[in-house]
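Sequence annotations record features per position, and here Swiss-Prot assigns domain 'UvrD-like helicase ATP-binding' to 1-277 based on sequence analysis. Sequence annotations record features per position, and here Swiss-Prot assigns ATP binding site to GLY8, LYS9, SER10, GLY11, THR12, GLY13, LYS14, THR15. Summarising the annotation, Swiss-Prot assigns domain 'UvrD-like helicase C-terminal' to 272-578. Positions annotated as [4Fe-4S] cluster binding site by Swiss-Prot: CYS794, CYS1115, CYS1118, CYS1124.
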Amino acid sequence: MTLQIIAGKSGTGKTTHLMDEVGKKIKKTSKTYIFIVPDQMTFQMETSFLNKESLSGMLGTQIFSFSRLAWKILQETGGLSKTFLSQTGIEMVIRKAALDQKDKLKIFSKATSRKGFYSELAKLFKEMKQEEVSVADLENSAINMSKSVTNKIHDISLIYQKYEELLAGKFLENEDYLRLLADKIIESDYLNQTEIIIDGFTSFSKQELTVIEKLMEKCDKVTVSLTLNVPEIQKGLEEYNMFKQSTEAYFALLEMAKLNKISVESDKLFLENKRAKSDSLAFLADVWGNNKFVTFEEKPQDLAIHQANNRRAEIEGIAREIRQLTLKGYRYQDMAILTRNISDYDVLCETVMESFDIPIFIDKKRAMAKHPFIEFIRSSIDAILFNWKYEPIFQAVKTEFFFDVSENTSIMRRKADILENYVLENGIQNKWKWEKEGDWIYRKIRGLSTNLLPQTDEELETQAIINEMRNLIVEPLSILENNLAKARTGTEFAMALYHFLEQVKAVEHLESWRQTAEENGYLELAREHEQAWSSVSELLDEFVEVLGEESLDINSFAEIVATGLDALEFSLLPPSLDQIVLSDMENAKLLDMKVIFAIGMNDGIMPLRQKDKGILSDQDRDSLRAENSNLKPSAKNNIGEEDLLAYKIISLPSDKLFLSYPAADEEGKVLSESNYLRKIKGQFKKLNEEVYLTDPSLLSDEEQSSYIRSKQATLGLLTSQLQMYKRGYPLSNVWWDAYNGYFEDTKESKVAKQVLSSLYYENKTKALHETTAKNLFGENIHASVSRMEKFFSCEFQHFAQYGLKLEERAHFKLQAVDMGEIFHGAMEWISAELKRNNQDWGNLTEEECRQMAKLAMTFLAPKIQHEILLSSKRMEYIQYKLLQIITRATTVLNEQAKSSAFRPIGLEVDFGLKGDIPSLKIPLKSESELLLQGRIDRIDVAEQDDRTFLRIIDYKSSSHDLALTEVYYGLALQMLTYLDIVVTNAQKMIGKTAEPAGVLYFHMHNQFVQADKELSDEAIAKELQKSSKMKGLILSDPVAVSLMDTSLEKGKSSNIIPAEIKQNGDLSARSRTATKEEFDKMRHFVRHKYQEAGNKILDGAVSINPYKLKERTPCQFCGFRSFCGFDPSLTSNQYRHLTNEKAENILTKMDIEGGTQ
């Protein structure tokens, strides 16, 4: 029984020596030689053995990790009768333990619902087993500590004890195998006449040291290779020395040998760096960690430091380096990319390397959490827990497991979208609505009178789809909910979930996806679908094994399963023979590398600026270790480990080392370089930091040529270079050669033309062909006034809404249009009620106004947008506020009616099609017509002597006024159009001709009075009346004005209309008035605008031409902006700037353009 230690720094040939020695011995003896290496190194070590002639094919050598050796020995000696628990199973059991003890926890009771808490607990429990730290050890160490630490240890102890209780006698973890291995080594025949060689470790856990001790006692010889700075081995025990852990292992092994009377052979010491082929790399590896500052005087040829603007520029720079190295004879397998934070670079590396046609293997297990199958399980359970809310239901639906597996997927997706739109619009947010008896009713157009109309065939067809999809969801989900409600034990809960997955035919779905992926060449995706099912099956099996007999409720089950699902990962296939590897620095599985790219070498990353994370903080660990706990040291005391990690990277390549860092992250936040890079630049005086440029134009032609990669990927860069050329910058011949190369290949030429056309891109539309325009809009255009206003706002917006008929998705929320409908509906209902009872607006009392408003709201509330006003307490409050506004409006209209001779003769009057008044017909080119249709809020009439006046009143939920500038540009045509229609059709409506009295906006709102002193009730009433004054434009005729406000006196302003009478009886300049002639000109001009718009629509006008009036643009609330892509920074995309002018100037222009002059 012998111990020998092989010691030396990295790259001095320790592993090679061990392999050579075994190669010599094995030919002369029947002994077995067992190599023990870290878990992640077994595959690479086996490959090295196969490649070494002296060992290839030798049956007397075996390579194990500690865990694999444990499996081998326990198979031989017994001890594998207990079930092995995976990491997923461990975390589920820990969660069950924590939930059972939740009421007793002092610190962690809230943390039990925090994501990541159980994986951190699992790490701590693993460390406790590895370092042989018991709960009693922790409790004893914490006796004299602060309350927060003792409470934390109390909670850890409770959870750990319950966890051990759940596992007791039935299950094993990885760490248990090492404990059992130590006990069984002595019984093993397999270990007779063996030599053990332990290589690749920088430190050993307590468990591993115990196993090594037992191997020393059993085997002929144990050889341990350690990375040490041999000449200064005693210094290795200093606090921040990078070889501290190796040195501690060295002395621990010697101490064990001494205690067990094991003979110790002389150490074999290796001093010369045999790996590094260049002086610069050998020098750097030699002086790293040395406190003496030594410099390298020559310019290093095989060491480079690069800065990049960002991570993408960094990876693209490295990809160019790789391409150059392959031209010099290097293979991809000779190179590796190492990073501290692989999550910052994995997707980016995959994308960039693919664009350079560089095969890459990313050495990182991906979480399964985002796989549709995992998401489906999680969302389905959440849907039940949260009473069938929209979000979890449709997260589950979008995974497609509710779909009929035999149906066409595209058709099912379209049906699911229809269902989702219905659910969103109708506010279906609970189980009761989903399971409510009877079919859901679908109507495309919503409104107060919708329910009175029969359903169309299109509506019935959509309704059938909605109910078909609804049933596909409700049936399996209801059964799952019922089964979960009946379940009491872990087994019953697992069976409920399993039956649910069977019912939705989850296996068939996954198999179909796997086959499709395989047929299309996506082999990795096919394997993922396969793994998803097998992993979930194993998770449920493990759940039943561990917690099958445990009593659970649905919340505990959901939490434990969620923990298990979070822990699932896709397994990695080993890299192919010639790929470049991207790996995490700490877990890299690399041997015999020629070139290393160490990326992301930023401050705080290398060395890592540790933040307290995990269950125990740095302070906790330091305090516990001070009380003789064997826990690992805190992060802040791991500076030596950071230096050692950097040393491993530095000493890994034999030929070249590239170090790089980004100067900013994706959000532009500045990132500084690592202290290690500053140190290296200080040691290599002639090492110049270079930059990985994103724009190659400043480089030489030879350097620019390295930016040419695959044809597909080079196109983007070529386009940007040609864009610079267009602006007058010089262009290297490299890019002209690349350009010409695309057009030598017909296939590439087609793609290139499409991409390069962006150089001349203008975000402009082409006018539609006349036939297309007529197909879209009709030979005769039936349109509303608001549609024409939209056309004048932006032709493309009109095209999107009325030509393509695009719509924004409807949501179950109260919108401005709904409030407008309520206000209009209330006024219509009250007016109809007054007419039915032969009452007049002006004769109502204040109490009657309140009652009328209340009755109107009671009638309307259930009819507004799927009963939204009755859907919640919040909506009940909004209904109350709307009632206040309607009550106030009713009161104001009552007061105004008392002082006005005008009376309503029509409310919500339809014109056009089936309306009471015919359409306003506008003749267009080619014998076409524009037929206007719509609804007028209110038409008032007044008579005096032989004169009859008509006016229009429009109810608005926000403040409005009639701006003639907006009329002129076609943005506000509504009121004058309505006035034109009623005056034109006066004979039909009232049996006589009439004059236009004006157009007025009535603002429906709850007014407030602001005052700096206390006011009487009468003064408040007057102020409220002033704030209710209608805005608009009225006829400049004293008779008409006096009829609109019979209380108006000379020298006063009206509280009802925008009029003021001077002392001489004339209207003041502050009045908003127009003569009859001016009204006629405006009416004529408005018809001219409709004719202009109609002809342009038939001509196919679809320009992206939004206006800008002061700061107002139609883009502000446009739902099609992402579709049109309007960008004011493009010369082809500019606003139509409109200017305000004086009313008299506008009227003159209207007169000229309307053709009345």
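Yeah, the Cβs are placed from backbone N, Cα and C, and that goes for glycine too.
Other than the site residues CYS794, CYS1115, CYS1118, CYS1124, same-chain residues with C-beta atoms no more than 8 angstroms from the centre of those residues' C-beta atoms, the [4Fe-4S] cluster site, are PHE796, GLN797, ILE1104, PRO1106, THR1113, PRO1114, PHE1120, ARG1121, PHE1126.
Across the structure, CYS1115 ([4Fe-4S] cluster binding site) and GLY11 (ATP binding site) place their CA atoms 65 angstrom apart. For CYS1118 ([4Fe-4S] cluster binding site), the nearest neighbour among the listed binding-site residues (LYS9, GLY13, LYS14), judged by C-alpha distance, is LYS9. According to its DSSP assignment, GLY8 (ATP binding site) is in a strand. Classification of GLY13 (ATP binding site) by DSSP places it in coil, neither helical nor stranded. Non-local contacts of GLY8 (ATP binding site) by the CB criterion (under 8 A, 6+ apart in sequence, same chain) comprise LYS14, THR227, LEU228, VAL230, LEU269, PHE270, LEU271. Listed in chain order, the extra residues whose Cβ falls within 8 Å of the Cβ center of the ATP site residues GLY8, LYS9, SER10, GLY11, THR12, GLY13, LYS14, THR15 are THR227, PHE270, ASN273, LYS274, ARG275.
Between the CA atoms of GLY13 (ATP binding site) and CYS1124 ([4Fe-4S] cluster binding site) there is a gap of 66 Å, rounded to the nearest whole number. In sequence order, ASN763, PHE796, GLN797, ALA800, ILE1104 are the residues near CYS1124 ([4Fe-4S] cluster binding site), counting only same-chain partners six or more apart with C-beta under 8 A. With CYS794 ([4Fe-4S] cluster binding site) as the anchor, the candidate binding-site residues are LYS9, SER10, THR12, THR15, and the one with the nearest CA is SER10. Comparing the binding-site residues GLY11, GLY13 by how many other C-beta atoms lie within 10 angstroms of each C-beta, the top residue is GLY11. Long-range Cβ neighbours of LYS9 (ATP binding site) (same chain, at least 6 residues apart, Cβ-Cβ under 8 Å): THR227, LEU228, ASN229, VAL230, PHE270, LEU271, ASN273, ALA285, ASP286, SER651. DSSP assigns CYS1115 ([4Fe-4S] cluster binding site) to a helical segment in the three-state reduction. Taken residue by residue with DSSP, CYS1124 ([4Fe-4S] cluster binding site) is part of a helix.
Residue environment of THR12 (ATP binding site) contains 22 other Cβ atoms, counted within 10 Å of its Cβ in all protein chains.
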